[in-house]
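What Swiss-Prot says about this protein:
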| type | residues | note |
| --- | --- | --- |
| BINDING | W195, G196, K197, E198, E199, R200, Q201 | beta-D-galactoside binding site |
| COMPBIAS | 37-46 | compositional bias 'Low complexity' |
| COMPBIAS | 47-75 | compositional bias 'Pro residues' |
| COMPBIAS | 76-105 | compositional bias 'Low complexity' |
| DOMAIN | 132-262 | domain 'Galectin' |
| MOD_RES | S6 | phosphoserine |
| MOD_RES | S202 | phosphoserine |
| REPEAT | 35-43 | repeat '1' |
| REPEAT | 44-52 | repeat '2' |
| REPEAT | 53-61 | repeat '3' |
| REPEAT | 62-70 | repeat '4' |
| REPEAT | 71-79 | repeat '5' |
| REPEAT | 80-88 | repeat '6' |
| REPEAT | 89-97 | repeat '7' |
| REPEAT | 98-107 | repeat '8' |
| REPEAT | 108-114 | repeat '9' |
| MOTIF | 240-255 | motif 'Nuclear export signal' |
Amino acid sequence: MADSFSLNDALAGSGNPNPQGYPGAWGNQPGAGGYPGAAYPGAYPGQAPPGAYPGQAPPGAYPGQAPPSAYPGPTAPGAYPGPTAPGAYPGQPAPGAFPGQPGAPGAYPQCSGGYPAAGPYGVPAGPLTVPYDLPLPGGVMPRMLITIMGTVKPNANRIVLDFRRGNDVAFHFNPRFNENNRRVIVCNTKQDNNWGKEERQSAFPFESGKPFKIQVLVEADHFKVAVNDAHLLQYNHRMKNLREISQLGISGDITLTSANHAMI
C-alpha cells in the first residue's frame with residue numbers, strides 16, 4: 001500500500017527551487033529568518049540585524065503571517081524539516097523570540113519558532129486520556145494536517161486512529177504489533193456497520209517504548225500518512241464528502257502527548 005513516491009513527491013507543485021527549512025521544526029532545527037548573533041527583526045532598536053534588507057522582510061521570512069507548517073516533503077517555502085530557508089542561519093531564535101528566551105508561544109520543546117495555539121506543534125498538553133477524541137469542526141479538507149505525538153507503551157499490541165463520520169469510519173489506521181507474530185499496519189473504511197476491503201502495509205516504523213509522531217495530510221483524493229518525519233503510505237478516500245468527517249478517535253497502547261490540526 002506504500003506508494004512509489006519519493007518524499008519529494010509527497011506534496012507536488014511547490015515551485016520552490018530550494019524547498020527547505022521549517023520554522024519550528026521538531027528536533028533541534030532552527031527557525032526561519034534568523035541571523036548569527038541576532039534575533040529576528042526588532043531585536044536591535046533603530047536598526048535592522050546584520051544582512052537585513054531595508055524596507056522588507058529578510059529572505060525566508062513571511063511578512064504579516066505565520067509561515068506554513070508541512071507534511072514531510074517539499075511544499076510551500078520553508079516547509080520541510082531540515083536546513084533552514086534562504087537567508088537563515090543555524091542556532092538562532094525564531095520570529096518573535098529574543099536571545100536567551102524561548103521561542104514564541106506554541107513552540108515545541110527544543111524547537112525554535114512557534115505557532116498559535118491552533119498550530120500542530122503546540123506545547124504538549126498531555127498526557128491526554130486515551131481513548132481521546134479530537135474534534136474536527138467543519139470536517140476535513142485538502143491541506144489539513146493532523147499531528148499526533150506520544151509514546152508507544154512497552155509490550156504494545158495496537159495503535160488506532162479512526163477518522164469518523166457519525167458511526168462510520170472514513171479512514172481506519174491500525175498498526176498491529178503482533179498479528180500472528182508479525183507487525184503490520186491495516187487501513188480500512190467502515191460504512192453502515194460494514195468494513196470494506198483491508199489495505200495492508202508491511203513497513204512498520206513504530207517501536208514499543210519509543211516516542212512517535214504521526215502526521216496525516218488530507219489531500220483531495222487521499223490521505224497521506226508520515227511517521228517520524230518519513231512518508232509511510234497513502235489511502236484513497238472511500239467517503240467523498242470530507243466535510244462530514246468530524247472527529248478523530250485515538251486509542252490503543254500509547255501515552256498520548258498531543259493531538260492537533262492546522263491548515264498548511
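Just so it is clear, glycine is given a Cβ too, placed from its N, Cα and C backbone atoms.
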By a Cβ-Cβ criterion of under 8 Å, what residues six or more beyond either terminus of the motif 'Nuclear export signal' (240-255) are in contact with it?
126-127, 130-142, 146, 148, 150-153, 155-166, 170-171, 175, 177, 212, 218, 261
Given G196 (beta-D-galactoside binding site) and S202 (phosphoserine), what distance in Å do their CA atoms have, once rounded to a whole number?
19
Quick one: of Q201, S202, which of the recorded positions has the smallest count of other CB atoms within 10 A?
S202
Fewest other Cβ atoms within 10 Å: which of the binding-site residues E198, E199 wins that one? Let me know.
E198
DSSP-derived helix, strand and coil totals, residue by residue, for the motif 'Nuclear export signal' (240-255):
3 helix, 8 strand, 5 coil
Could you work out which of the binding-site residues (K197, R200) has its C-beta surrounded by the smallest number of other C-beta atoms within 10 A?
K197
Please list the DSSP helix, strand and coil residue counts for the domain 'Galectin' (132-262).
3 helix, 84 strand, 44 coil
Can you count the other CB atoms that lie within 10 A of the CB of W195 (beta-D-galactoside binding site)?
11
Summarise the model's confidence over the repeat '9' (108-114) as a mean pLDDT value.
37
For G196 (beta-D-galactoside binding site), the number of neighbouring Cβ atoms whose distance to its own Cβ is within 10 Å equals 13
